[in-house]
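Per TrEMBL, the features are:
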type	residues	note
TRANSMEM	21-40	transmembrane segment
DOMAIN	23-448	domain 'Major facilitator superfamily (MFS) profile'
TRANSMEM	63-84	transmembrane segment
TRANSMEM	91-110	transmembrane segment
TRANSMEM	116-137	transmembrane segment
TRANSMEM	180-199	transmembrane segment
REGION	227-246	region 'Disordered'
TRANSMEM	266-291	transmembrane segment
TRANSMEM	303-325	transmembrane segment
TRANSMEM	332-353	transmembrane segment
TRANSMEM	359-378	transmembrane segment
TRANSMEM	390-412	transmembrane segment
TRANSMEM	424-448	transmembrane segment
REGION	453-521	region 'Disordered'
COMPBIAS	468-478	compositional bias 'Acidic residues'
Amino acid sequence: MGRADPEEGQLPAPVKPPDGGWGWIVLFGCFVITGFSYAFPKAVSVYFKELMKDFHVGYSDTAWISSIMLAMLYGTGPVCSIMVNQFGCRPVMLIGGLLASSGMILASFTTNIIELYLTAGVLTGLGMALNFQPSLIMLGTYFDKRRPLANGLAAAGSPVFLSSLSPLGQVLLEKFGWRGGFLIMGGLLLNCCTCGAVMRPLDTGMKRKTEKAQDKYEAKEMLPMGGKSEEGISTTDGTKKAKKAKKKPKKGKKLLDFSIFSNRGFIIYTISKFILVLGLFVPPILLVNYAKDTGVPDTEAAFLLSIIGFIDIFARPACGMVAGLKWVRPHVAYLFSFSMLFNGLTDICSARASNYTGLVIFCVFFGISYGMVGALQFEVLMAIVGSQKFSSAIGLVLLIEAFAVLIGPPSAGRLVDALKNYEVIFYLAGSEVALSALFLAMATYCCLNKGKKTPPPEKNPSAGGGSDTEEAESDVQEAEEHSSDNHQPAHGTDKAMVAANEEANHVEDEQSGEGGRCPEADGEVLARAGCNADQTVERDSF
């Protein structure tokens, strides 16, 4: 028994995500990439004081290094999507790792702040962007059933690396200075190339080789030995190549799929995410200065961020496990809305915290809610657009978020300078986050769920869909196909024969000029040859 050839025009079956195996190595690589991408711009701030002394600049000038890194991470999303769709995830990640490392190495030889912007800011930021987005795409390729847990574990890389890179940077600064620290940090970023190398794509290469070997074996088995066997094998290969040439689509490959904007779920997600980012990052940025203004010592004020990071480490994997439950996963958008509402209410309720105990309580709840948001944001996007369009979707979403990042925290800083009051800022940030949660939940319920409950209107053939003669023709075609399969004459009852004759006469009177087309009867149709009532073909009743 040979293997049946697929029909022409049929696309190859997609590879099923393994949900394990090599996917765990891919998950570890994504964990490392996420840690570097989110923690590195914050960890570089350890070197700012030394940079201010050497280059004779202010704090705002050195802070632009982290800002440029984050702007490149978010703003180059569409560029990353185009490169991934054109070349694949692994080559893009290898190039990104080299760029990120070379940026920090070159930064160690800079002589002014502008050169530092171009090397540590632009070059390293672009390299991390080329690693971050493909790693998430590969994670969605390798995991399906366990994808919420995988996203939660990968997102935990951000707080883990933040809690380790900052102390490491301080040690390197004390022993080797900022130039030596930048050089060593550039060497550490070469690990991104290692993570990119393990991103093995899921393809059907082995399957195709197996099918080709099976074809040759069948040809040798069916044809006589000798030259005819080789001719048969070459003929089989030629036939396969000809079929593959016919199956190749003529349409060019889309480098950036803008058709996702026709997806209402994607539009809702993008709008809510833009509102969310306006206020999400404001509290942790202003928290230390807020604590100092309330009279908290410097060391204890800095420890508040460590509390958020420690809680965040456990909150992200735990939320991923909860999102993967069977009764929760279909409603993961509502869980995401709850996490955003939880975060917004935490900001609002802690606006009047006036002592260290109140700020610690705020950090605990903020760490939980912030971890939930971080664990669910990309899982919800994957669930909305699917793995095939995720590469284009995440690039466009990150680009839109880049504008929110450039608007939210700087605007909050200006309001603090103008009002000299942190309480208003916390109220404003919490309100923006809560608004994004309410918008996502209400829009998902009203625009998406109700649309799914409304069934599409069924086509009624009797309601102006076509003439009686066209219906009779379609029935005759079905009858001929049925008769060619069975090759057996049908045996109708006398009543059915009489009904067929009456219906045939009725249609012939109405459609006299259309030349012997056959009418439809209850349970039977007349054969095409002469429309004789004695020659009938019975339909399948059940």
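Glycine residues also receive a Cβ, built from the backbone N, Cα and C atoms like all the rest.
Of the ranges 180-199, 303-325, 332-353, 359-378, 390-412, the one with the most Cβ pairs under 8 Å to the transmembrane segment (266-291) is 390-412.
When Cβ-Cβ distances under 8 Å to the transmembrane segment (303-325) are tallied for each of 91-110, 332-353, 359-378, 390-412, 424-448, the top count falls to 359-378.
Proximity of the transmembrane segment (424-448) to the transmembrane segment (332-353) is established through 3 or more Cβ-Cβ distances under 8 Å for residue pairs spaced 6 or more apart. At the 8 Å Cβ threshold, with sequence separation of at least 6, the transmembrane segment (180-199) lacks contact with the transmembrane segment (332-353), having fewer than 3 such pairs.
It is 359-378 that, among the stretches 91-110, 359-378, 390-412, forms the most Cβ pairs under 8 Å with the transmembrane segment (332-353).
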